[in-house]
Every structure is written in C-alpha cells, then in structure tokens.
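Asker: I am attaching a structure below and will ask some questions about it afterwards.
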Amino acid sequence: MYLSILIFPLLGSFVSGLLGRKIGVTGAHIITCTCLIISSLLATLAFYEVGLCGSPVLINLSSWIDSEILSIQWEFLFDQLTVSMFIPVLYISSLIHIFSTNYMAEDPHNQRFFSYLSLFTFFMLVLVSGANYFVMFVGWEGIGVVSYLLINFWFTRIQANKAAILAFTMNRVGDMGLSIGFFALIALFGSLNYSTLFSLAPFMNSTAIDIIGLLLLSGAMAKSAQIPLHSWLPGSMEGPTPVSALIHAATLVTAGLYLLVRSSPILEYSSTALLVITLVGASTAFFAATCGLVQNDLKRIIAFSTISQLGYMVMAVGLSQYNVALMHVVNHAFFKALLFLGAGAVIHSFSDQQDVRRLGGLINFLPFTYTAMLVGTLSLLATPWLTGFYSKDLIIELAFAQYSFEGTFAFILGSLTAGLTAFYSFRLISLVFLTKPNGPKISYLHSHEASLAVIIPLFILALFSIFFGFIFSDLFVGIGSDFFGNSIFIHPNHIAMVEAEFSMDRIIKLLPSILSLFGAILAVYLYHFTPHLFFMESSITRKIYTFLNGKYLFDVIYNHYFIGRGLQLGYFVSKVLDRGVIEFIGPYGLSNTLNKTGNNISKLDTGVITTYSLYITLGLLSLVFLVFSPILLDTTIFNEIRLLIIYLATLLLLISPYKNK
C-alpha cells in the first residue's frame with residue numbers, strides 16, 4: 001500500500017505523457033485525476049496507521065551504492081513526518097488536477113500538462129518519503145526539473161523562458177551547497193542514512209555540525225525562496241495558475257522546510273545554524289511583506305505573501321519549534337492554494353487580466369470566488385480560530401518566549417509582518433472585488449462563475465482553511481502531544497511551548513492580531529473609501545515606492561555585480577587563459593616552436609663552401625675554448641657540463657669515420 005502512494009502518480013504521468021494521443025484529452029484528465037485521488041485515499045489510510053496508530057514503516061527495495069564503508073540503499077521511510085507531508089501534497093495536488101481540467105480546457109497541450117503535474121507530485125512524494133539523503137535528493141532534483149518544465153509550459157513566451165531558467169539556475173546554487181553538505185556528512189559520519197546520522201549527531205565535532213547545518217540551510221534557502229536566493233519565486237508566476245498554486249504555494253517551496261525539519265537532530269546541536277536560520281527567516285518574512293505592499297500583479301502579490309509565510313516557517317525552525325513549523329507548512333498549503341486557485345478563477349473569468357488596477361467591482365459577478373478568497377485571506381491573516389491562527393500566531397508567541405536576541409528580533413519582525421500582510425491582502429481584496437469597476441465593459445459582460453470543476457476544489461480548500469487548524473492543532477502542536485514520536489527531535493533546553501502558552505502577557509499575545517486588524521482596516525479605508533489620497537506627492541514617498549517596487553534592488557545587484565562580473569570572468573578565462581596561455585604553452589605552442597626551430601636550422605644549409613669553412617672554424621674555436629676555459633675563467637660549476645660536451649664531441653668524431661666507410 002505504501003509504495004502504491006508513490007506509484008499511482010507516476011503511472012498517471014507516464015500514461016498521460018507517453019500515450020497522450022491514444023487516450024486523448026479527456027482520457028488524460030480522467031486517468032491522472034483518478035490516480036491522484038486513489039493515492040490521496042491511500043495517504044489518508046497511511047496517516048491513520050502511521051500517525052494516529054504510531055507505527056512507522058520502513059521499506060527497503062534494493063542496494064544502490066556499496067563502496068567500502070559507504071552503503072546507500074533504495075529505501076523509503078513512512079513515519080509521522082512523512083505522512084503529515086503526504087496529506088497537503090496529495091490533497092492539494094488532486095484538487096489542482098480537478099481545477100486544471102477546466103482552467104486548461106482551451107490549451108492544446110493538455111496531456112503534457114497533466115503528465116508534468118503528476119510527475120511533479122511523484123517526485124515530491126519521493127522527496128518526503130526517502131529514508132536517506134540520497135533518495136531524498138533524487139526527489140529534490142526531480143521537482144527542480146519538473147518545476148522548470150511547468151514554469152516554461154508556454155515555451156513560446158520569452159518571459160516564461162527567462163523565468164524558468166532563473167528558477168532553475170538559482171536552485172542550482174542551493175543544490176551545490178546541499179551537495180557539499182552531503183559530502184561533508186559522508187566525510188564525518190560515513191553514511192547518509194537518517195537513522196545513522198541522527199544517532200551519531202550528538203557525539204560529533206560541533207564546528208563540523210555547524211558547517212553541515214549551514215550547508216543544509218543553503219539548499220533550503222534556494223528551494224524555499226529565502227533571502228538572498230528568493231528572486232526566482234515572483235518571476236515563476238509566468239507559468240499557468242494551477243502550476244503557481246501547486247508548486248509555488250503548496251509543495252515545491254515546502255521541500256526546503258521539510259529538509260530542515262527532517263534534519264532537526266543535526267540542527268539541534270548547532271546553535272550557530274539555528275541563529276542564522278532564525279535571522280534569515282525573520283528578515284525574509286519582513287522583506288517579502290514590504291515588497292508585497294506595492295505589487296500590482298495579482299499573482300505576484302500572492303507570491304510575495306508565500307515568501308513571507310515561508311519566512312515564518314524558517315523562523316520557527318530556527319527557534320527549534322519544528323512541529324509548529326510543520327503545522328504552518330500544512331496550514332499554509334491549504335489557504336495559499338485556495339488563494340491561488342481563487343486568483344486563477346478571477347483571471348480566467350475576466351479575459352486573462354492580472355493587473356489589479358484594471359479589475360474591481362467583481363464581488364457582484366463572482367460572489368463565490370470572492371467568498372473563497374476572503375476565507376483564504378482571513379486564514380492567512382491568522383484570524384482567531386481559522387486555520388492560519390493555530391500556527392502563525394503560535395510562531396510569533398514562541399519567538400517572544402525564547403527571551404533571547406534572536407527570539408526578540410523574530411518577534412518584532414514577525415509582528416510587523418503580520419500587520420503588513422493584512423494590509424496587502426486586503427488591498428488585493430479591495431482592488432479586485434470592492435472598488436468601482438476599472439476594467440473594460442466587455443470583460444464584465446463575459447465575466448461569470450466557473451464550472452463545478454473549479455468550484456469544488458475552491459469549496460474543499462475553503463473548508464480546510466477554516467477547520468483544519470482547529471481540528472489538528474492539538475495533535476501537531478498541543479502541549480505534551482507525542483504525535484511525531486522520533487521523527488523530529490527538539491532538545492529539552494529548547495522547549496518553549498509552556499512558556500508561550502501560559503506565562504506571557506496578554507498584550508504580547510494579542511499584538512499580532514491587533515496589528516493585523518489595523519492593517520486590514522487601513523487597507524480597505526485607503527483603497528476602497530478614499531482612493532484619491534494615494535498620490536505620490538513627496539519625493540521621499542516616491543523613493544520608498546521605487547525601492548520596494550524594485551524588490552530592494554536585489555535583481556539589479558545580481559545582474560550588475562554577480563552575473564555581469566561572472567560573464568566578464570568567463571570571457572577572460574576563454575580568451576586569455578584557454579585560447580591564450582594554455583594554447584601557447586601547450587600542444588599548439590610546442591609544435592609551432594619545433595617547426596620554427598627546424599626551419600631556422602635548415603636555413604644554415606646554404607651550399608656555399610666558404611660558409612661551411614666558417615662553421616668549421618667556429619666549431620674548432622668553441623672546442624678549444626671549452627678545453628682551455630679553466631685557465632681563462634673560474635668554472636668550477638661548469639666542469640661537469642664541459643666534460644660532457646667534450647665527451648660527446650669526441651664520440652661524434654669517433655663515429656663519423658665509420659659512417660663515411
């Protein structure tokens with residue numbers, strides 16, 4: 001049963017991709033959706049068996065690498081962490097498959113699209129169920145490749161090409177760090193099995209553990225879009241909307257988080273890595289929220305919101321609250337997929353318009369989509385008793401309960417981010433649904449609610465966004481819950497849950513909610529009731545707007561300093577080193593020199609007897625000089641060389657008569 005969870009999506013992908021012409025578009029829809037739904041039902045059963053009944057499963061297929069002491073197996077581990085990740089990945093993937101049957105109906109390449117989606121799901125499942133870092137890395141690279149194929153799905157668009165290449169290359173940077181981390185693990189532990197590594201981690205050199213922790217973080221930073229490897233995620237909105245929902249909300253971006261949570265026994269013994277993780281997470285959350293304030297593309301606003309929420313999750317990992325981080329991963333997957341699919345429904349019904357300044361007044365045309373997006377937005381704001389509240393607010397409280405520098409830093413930035421999140425989320429709601437219509441009349445005349453294939457996924461995700469957190473919070477993050485068993489490890493010194501729940505001031509607990517409420521009211525007031533207030537009067541506002549709109553000018557710095565200098569270096573290496581020095585010293589230079597020398601020597605053969613007599617005279621003089629040089633010069637150093645030359649000359653003189661005979 002456990003392997004069937006992985007096999008079904010792969011099967012659906014192969015059938016849809018390789019037999020697409022035989023089965024047709026409808027066949028591809030039916031087969032991929034059925035495979036995913038069966039897989040989801042099996043995953044629910046696995047969640048019950050492994051999670052609720054507490055019986056993890058390890059499946060060893062065969063040996064992969066056996067090299068002296070290094071032994072790597074093809075094996076899969078289904079423990080509480082794995083089955084918890086299965087739920088969002090498979091449920092959301094199934095719903096997005098169903099949503100896409102309607103959304104992509106007009107596209108000529110449906111079979112290819114559904115094949116990629118199912119293949120992506122398969123690789124994601126391999127990633128979360130691998131029992132060692134190598135099997136996990138197969139899934140990790142697989143989702144990287146399929147993400148490239150999906151962002152670049154409409155490959156005739158230059159912008160889609162550029163976005164896909166950017167996403168792929170930026171992830172390569174992280175993968176390089178991760179690969180070095182794996183080599184370090186092999187060097188230190190001689191194994192990549194989770195069980196071996198995590199048992200030995202406490203006994204290892206702390207500096208080595210620090211380095212490994214930071215290298216694992218570099219891999220997670222690229223996949224989970226943390227500063228400074230974040231700039232690929234907003235660009236990747238060029239893909240179709242279901243891709244944005246599946247990859248850049250629910251699954252691919254959580255792979256980095258999964259890596260960190262899975263590596264908890266290593267990270268717990270590295271205070272340096274935890275400190276860096278906290279600072280990176282908190283900074284990213286705040287940075288992305290400020291950038292989201294000024295975006296005008298509907299999907300990019302939600303993309304920056306994703307980066308911001310990923311910052312919260314990374315922050316929770318840095319504070320050693322792995323179970324809370326995972327809870328936020330799962331919660332966020334549901335409400336962010338809901339927001340993306342809602343945005344897709346809006347774009348699809350409004351003649352593919354993505355600019356929020358050209359929308360407006362859609363509450364009367366798309367009441368259900370409005371309701372779904374409102375539910376998603378409220379859950380994102382951590383509105384009390386909706387899904388997001390049970391993890392997002394808890395992360396901010398746990399940050400304060402650390403009573404340390406990084407904890408306070410994370411608390412302040414986390415609280416500010418909560419207010420900013422509320423502002424840009426309700427700015428989106430106001431501009432798209434509430435304000436006066438700003439689009440062309442023909443778009444409004446054709447605007448209508450989509451079919452059941454769109455409404456059902458939105459409805460189910462809305463239910464999850466309302467109830468999931470309430471139902472599962474005690475299981476995942478309740479005090480004293482042993483749901484995760486051995487799958488994550490929190491050092492006893494790092495437990496702050498009791499402190500966060502019971503000993504904090506009420507105003508501290510309420511601060512994020514108050515800021516969220518204030519941000520939401522301010523956004524609706526500014527963008528709905530008094531839109532005329534927002535003119536760029538002063539130069540300072542204009543500069544801030546430009547700075548935030550340019551995403552803190554990260555792209556400019558990368559293009560100018562890193563990519564520009566990299567290309568210059570490449571040109572220098574190619575022209576001067578490869579074509580110049582190496583060829584000059586190497587084969588070309590050697591053959592050329594020998595050729596020239598040969599030509600020069602052949603020129604001495606003139607055929608004039610007087611020239612030959614000159615050569616003979618010069619030769620005799622040289623020989624005489626060599627013989628009598630000790631008298632003329634002090635040549636203690638040259639003695640051996642002189643004798644050698646005399647012997648050689650004598651040898652030639654002796655041999656030449658025989659030759660003549």
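From the backbone N, Cα and C atoms, a Cβ is placed for every residue, glycine too.
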Asker: In TrEMBL, which of 6-23, 474-491 is labelled transmembrane segment?
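Answerer: Of 6-23, 474-491, TrEMBL gives transmembrane segment for 6-23.
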Asker: Over the domain 'NADH-Ubiquinone oxidoreductase (complex I) chain 5 N-terminal' (64-114), what does the predicted model average in pLDDT?
Answerer: 91
Asker: Per the definition of 3+ C-beta pairs under 8 A with sequence separation of 6 or more, do the transmembrane segment (113-131) and the transmembrane segment (273-294) touch?
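Answerer: Per Cβ check, the transmembrane segment (113-131) does not touch the transmembrane segment (273-294).
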Asker: Which numbers of helix, strand and coil residues does DSSP report for the domain 'NADH-Ubiquinone oxidoreductase (complex I) chain 5 N-terminal' (64-114)?
Answerer: 29 helix, 13 strand, 9 coil
Asker: Count the CB pairs under 8 A between the transmembrane segment (273-294) and each of 176-194, 200-222, 243-261, 362-387, then give me the winner.
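Answerer: Against the transmembrane segment (273-294), the leading stretch is 200-222.
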Asker: Residue list, the transmembrane segment (362-387) vs rest of chain: Cβ under 8 Å, 6 or more residues beyond ends.
Answerer: 305, 309, 331, 334-336, 338-339, 341-343, 345-346, 349-350, 393, 418, 421-422, 425-426, 428-429, 432-434, 444, 447-450, 455, 458-459, 461-462, 464-470, 512-513, 516, 520
Asker: Suppose I define contact as three or more CB-CB distances under 8 A, residues 6 or more apart in sequence; do the transmembrane segment (137-155) and the transmembrane segment (333-350) meet it?
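Answerer: Since fewer than 3 Cβ pairs under 8 Å link them, the transmembrane segment (137-155) and the transmembrane segment (333-350) do not come into contact.
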